[in-house]
Amino acid sequence: MAVQLEEFTKNKPNFDFQISILTFNIFSSSPKECLFNYFVAIYNIIALPLVLLHLFNTFNGEINENIMNSILYAIGMFLYLIKSTFGAYQRKKIHELREKIDNLFNTKEADGDLQEILEERLKYSVNIWKLCTRWGLRLVFLCTLIYGLKMRLNTKIGLIVDIPFTNITSPVRKEALLCVQAALIVLMGYVFITMELAVLFLGVPIASEMNILEDFIRISNEKFKLTPNFFRQLIEKHCNVFGNVNLLNEAFSEMTFIQFFSSIVVFLVAFLFLRKNTEQIENYMLCLCALMQLLPLCLLGQYIKVKTDKLSDTLYLINWYELSLKDQKTFLIILGMAQREYGLKAAGMYEVNLNTFIQIVKLAFSYCTILYTFST
């Protein structure tokens, strides 16, 4: 078994679990995964109205820590429900993309040089995912744990839910609700990072496939002489790569659009916390969590955009004049296709890249400055 396939097979249960959460696929997963998905979904459906009811009952025009935590928690639950809904709606495309990644890792090249390039790039993509998973889970657990403890110990925050027809006066009941509230914050942090890692898992191999294609193009001039059908194989891989990029874009277009607008509110609340008290470490942790739920996606979009632009330049290095007349005509068509703009777009309108990320952060910071000015 090839090295990259061995690593992929070893981590396949983790991949499937992440995708099952992203697509709310409760039927094809194990009983534990099914129970976990059901619990998270039912909890959010029940808790979101209770948090909104608390906001309705307590908001009097003053922006305090309790209100900001309630808004942040409500946005988080709303975002989970929207993302899981869109994930379930696009389940067919996500699974199609998943199958294409399976086929990519099971690909075997007859040529030794091409197989070496394939193994190296795919192994690197698995290592990237493993690194992001390991440190992403650790950082989110640490951040949400510190933030949950802050909510538990800070008397200014208190409960962020109102339970109808119930008057919580017992210290034991209130203590229990506060502890459950803090624990569920850690749980939702885990759910969110898992959904982001699922998107990353589907995107990183596509980016690696672009690197494989670029490496194949670089050695194509030597292979044309030794392998007569190599150019046709190259064209087929080129079409597969850009087809997968379009499929990735279609699968997450609406989800990314919602995430962009919700991120503005998340960043706004995080910056307000930090602006009001710059000495508390949990506020920096909150900002870090806000960055982690959007930055990886924008980095992936930026990388795909850069690589697609670079592929068109790399195609110019081919000795096209050594090809047959029929292949030369095909090459001109492919070159024209490569010069189009490819990349991830939210709802087909907003580009998913670092520039968009910076614009969202700047917009949230501007609103934060205005709100902070009026609240002091």
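For all residues, glycine too, the Cβ spot is worked out from N, Cα and C.
A TrEMBL annotation is a machine prediction, not a hand-curated record.
Note that the structure is predicted; figures quoted are calculated from it, not measured.
For 35-56, 71-89, 176-204, 256-274, 286-304, 356-374, the entry in TrEMBL reads transmembrane segment.
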- Query: Based on Cβ pairs under 8 Å, which of the stretches 35-56, 71-89, 176-204, 256-274, 356-374 lies most in contact with the transmembrane segment (286-304)?
  - Reply: 256-274
- So which of 35-56, 71-89, 256-274, 356-374 is most in touch with the transmembrane segment (176-204), counting Cβ pairs under 8 Å? 71-89
- Task: Take the transmembrane segment (35-56) and find every residue of the same chain, 6 or more past its ends, with a Cβ under 8 Å from one of its Cβ atoms.
- Result: 20-21, 24-26, 29, 67, 70-71, 73-74, 77-78, 80-81, 84, 159-164, 184, 187-188, 191
